[in-house]
């Protein structure tokens, strides 16, 4: 196996720390060709679709991509902004705000973002961080709840990249933060702010992205972590069990997924006499196709056509101040022990050590 070419090693330089915020991904444009490229990468991941590769290849290449790409492109076009894909726009802004927040707290930390599928890709950003001298990297998935279909796939991408690197940086990974106090508090503030403006609903629906039910029986903790998030948020909102419901959306294919499904549940609520619902998607930290189009357009239509009168979608955390603060606290927790905050005296001491190392290396014949 061949290895990637390493940048020249520089003596006397201080190692840097970086946080890599990773989201799912998005097409580069709301066009059939761009969506086809994106779906091909996404649905080719064995973490996402656990079907024998040969069988799945024919299904993907001959059925799904030819017929689904155009339909999905129209949906992306409905939510595309002048800045681009909402998911990419929000994730990029979160990374910039997190940089500022950590810097204001005294951390010397660089924050970059990447997409598991699409661009900027995980390998692309990891190469960039290496070229800039980052020797400590915290991988922070944008998924509060862990799943082998999402979080683990990010870890796979990182491991796969470094399997061909000679000089591997120190790595840390955030597995989940579904029950982190600051994350729950950010959700609470978002919901309360909406209620202050629009009033309370008859029912709060917490809709999480679905996964095949078999993943639960095979040991994936995602279902349990979603319910724990919902329970903790309901407690902070002083909701009783009959005032909220947990559902799962975005079912793909014919296999059974985690239930209850979001759209049928909303239809059932409307037919049972529930007039107003608020829908929140706690597992999505950035608004995207699944929230803006699936929930904001399709599920809204289903609820109203079934007899409901008032449907409100509560936006994702996006660039919410409380969420950026939560991200910072989660990152700080996982960077404990890394020298990201140095006093002037300690910084000067480290710089002096670096100068001594450089001088000694040059004495031994090093060029840089």
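Positions of Cβ are set from backbone N, Cα and C atoms, glycine also.
Around residue 290 (Fe cation binding site), the same-chain residues six or more apart in sequence whose CB sits under 8 Å from its CB are 209, 249, 250, 281, 284, listed in sequence order. The secondary structure of residue 290 (Fe cation binding site), as reduced to three states from DSSP, is helical. The Fe cation binding site annotation in Swiss-Prot covers 209, 290, and the record cites sequence analysis as its basis.
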